[in-house]
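Comments concern the structure below.
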Amino acid sequence: MAATLILEPAGRCCWDEPVRIAVRGLAPEQPVTLRASLRDEKGALFQAHARYRADTLGELDLERAPALGGSFAGLEPMGLLWALEPEKPLVRLVKRDVRTPLAVELEVLDGHDPDPGRLLCRVRHERYFLPPGVRREPVRAGRVRGTLFLPPEPGPFPGIVDMFGTGGGLLEYRASLLAGKGFAVMALAYYNYEDLPKTMETLHLEYFEEAVNYLLSHPEVKGPGVGLLGISKGGELCLSMASFLKGITAAVVINGSVANVGGTLRYKGETLPPVGVNRNRIKVTKDGYADIVDVLNSPLEGPDQKSFIPVERAESTFLFLVGQDDHNWKSEFYANEACKRLQAHGRRKPQIICYPETGHYIEPPYFPLCRASLHALVGSPIIWGGEPRAHAMAQVDAWKQLQTFFHKHLGGHEGTIPSKV
């Protein structure tokens, strides 16, 4: 009997869904190596492997069988995905076109490392980013540039503005996945995209206000307010938007700063200068990468206090998702300082969830940890922090937490789209 790889759901599923991996038709207690590989849109290769042993019936189920070593060890049913590593260093797995899936090739090889033997079976597994029926609508309204994703069922839906960080451009994959959970989500670009400013030297909150108003006026978005979701600089912008703008009910800040960073922020007659930077505080790792965690000045001292975002003006509810091993900046410190400022002014205490051994890029589930890559503002490779397994577990939990938070504070019902298509 030939060995067969069995996936459930078979064939394809949404990127944020777990897949059950099993092998049948092996010899009793046969040692095998499972290998996963994936190429991103630019052709960069990511790989992971793990050693296993079949049971007495010649079967192997990754939900029951621990990995004996390789890219990971122990009972990790999704390890072959979250443990993927780039063949070349400094490559972060990013999905730029959500209309096409990423294909993972899974292989079963006879024996164990260092030299597993012949290929026993292989299967191609597609993971898509546009859930079935989710509608994708490019947005060019006034100055606003982005993409709106709407669930398949009739609206209106709770609305969310979704923003990424200093890489600029427009990333849609988090918004498209979240639309599959019953939200109307607009991925918003704010610089280095189409006719938007090329740099972050000066950002005007009026632009973001226009985006919020666009979403609130959309016939398939229910008010009276919207949610904000942002990571890194995008998380910091969520704090600024909630502090200065009307129409914001709830905000999720993933590893954001409580100080304005990287450029001047303007709104009407007010200006927030960027917090000061001291490049002498850059450390260098043994791999030669920069560790910039101490580079920014404290927004609690001296002239840098002017960069502190006036969160006490915000009327929205906050959820801070914090990686305690974030090496981009001091995310836990920032979340705690925002909490202190809010409570000192009688505002509602925010929810803060801290994840140990978790780095800067807390992504949707099953994205592999990016250990280091080029930082757009620093101009050289930096480390982002995190340990692969802990970071992977944090991503699964954070994804659930932010959905629960938005459903609670924006209303709506928890919708999920069946995975089988």
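We count from 1, first residue shown onward.
Using N, Cα and C of the backbone, Cβ positions are placed for all residues, glycine too.
What Swiss-Prot says about this one:
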- S232: active site, charge relay system (ACT_SITE)
- D326: active site, charge relay system (ACT_SITE)
- H360: active site, charge relay system (ACT_SITE)
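Structural mapping of features recorded in Swiss-Prot.
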residue : record                           : CB count, 10 Å
S232    : active site, charge relay system : 26
D326    : active site, charge relay system : 25
H360    : active site, charge relay system : 24
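Cα of D326 (active site, charge relay system) to Cα of H360 (active site, charge relay system): a distance of 5 Å. In this structure the alpha carbons, written CA, of H360 (active site, charge relay system) and S232 (active site, charge relay system) are 8 Å apart.
DSSP assigns S232 (active site, charge relay system) to coil in the three-state reduction, placing it in neither a helix nor a strand. Secondary structure at H360 (active site, charge relay system), as computed by DSSP, is coil.
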